[in-house]
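Working notes, beginning with the structure itself.
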Amino acid sequence: MTTVMYGTELANKMRSDLKDEVEALSRKNIQPGLAVIIVGDDYASKTYVRIKRNAAEKIGIYSKVVEFPEDLKEETLLDKINEFNEDENIHGILVQLPLPPQIDERKVLETIKPEKDVDGFHPINVGRLSNNQPGFIPCTPLGIEKMLGYYGVEVAGKHAVIVGRSNIVGKPIGQILLNNDATVTYCHSKTKNLKEMTKQADLLIVAVGQANTITDDMIKEGAVIVDVGNTYLESGKVVGDVAFDEVKEKASFITPVPKGVGPMTITMLLYNTVLSAKVRNSADK
Ligand code: NDP
């Protein structure tokens, strides 16, 4: 029988636990604080920021949203980040991506102090993950790791195939699985004969952004499938990268879209923000 892994279930549980942790911190006069910076008027980005802010406030995290116009000078953005770097009430800083072309994304991410980098995109945190040292881990891959743990999916010794090699999903989830003793293969747009690769997967993670990238003839019987993709159809419906109905018949575990990986991503942002506040609190003692 196939188990459908709902991120909503674990996300609700974790958010309730995080709310308790925030209350415990508030008894020590600490309120975790999250600063979110958005540049421009992109509808999707604004929606994501609104969702993040609401989720943070619901569990008692103080949130500060700064909105800048599309024609913003890079220097102004860097100054704002530096202001939050020094702000004692802010434990996490997030700059909503993508940024307009006049702004150097790398420079922006490298300006955020690594100890406030709750997105885990600073090269220091990327390096820590690569070295299997404690640090902030990007939210979507961290959410996938937590989901696999929650559903009791064993990773050690498994052949994990990752389709997609972005810095925010593909690469870091591969690192996490490697750190957990999986054997990892990365695939991308230049991979020859994708099907030959995906059919070998005990655990298949798909983060491409194209519907029906993975069909039932591309997977092994009993494989564990995690679908990260989000594609909005003209009808307004959102679908993943995996042909869910047919693949579900062969998989042992599978995440749906929506209600799969998505809800875990924001939960992990809250988790990283609370973690940052806790680390600062113990460092101050
Ligand atoms: P990117 O566009 O940055 O990366 C996509 C990756 O897919 C690239 O590595 C690309 O290869 C690879 N790719 C493209 N076409 C193919 C193909 N035909 N076969 C194999 N590989 C291919 O996307 P992201 O990683 O940012 O996001 C991926 C998807 O996940 C998107 O739909 C996004 O919306 C979704 N997402 C969902 C989140 C959630 O919380 N649920 C969070 C983050 C993302 P190459 O490197 O060679 O170009």
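The backbone N, Cα and C atoms fix where each Cβ goes, and this holds for glycine too.
Per TrEMBL, the features are as follows:
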- G164, R165, S166: NADP(+) binding site (BINDING)
- 6-119: domain 'Tetrahydrofolate dehydrogenase/cyclohydrolase catalytic' (DOMAIN)
- 138-279: domain 'Tetrahydrofolate dehydrogenase/cyclohydrolase NAD(P)-binding' (DOMAIN)
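Report note: the NADP(+) site is defined by G164, R165, S166, and the residues of the same chain whose CB lies within 8 Å of the CB centroid of those residues, excluding them, are I162, V163, N167, V169, G170, K171, Y186, H188, A207, V208. For S166 (NADP(+) binding site), applying a Cβ distance below 8 Å and a minimum sequence separation of six or more within one chain yields A207.
Confidence in the domain 'Tetrahydrofolate dehydrogenase/cyclohydrolase catalytic' (6-119), given as mean pLDDT, stands at 97.
For G164 (NADP(+) binding site), the Cβ neighbour count at a 10 Å cut-off comes to 24, with all displayed protein chains included. The DSSP breakdown of the domain 'Tetrahydrofolate dehydrogenase/cyclohydrolase NAD(P)-binding' (138-279) into helical (H, G, I), extended (E, B) and coil residues amounts to 53 helix, 26 strand, 63 coil.
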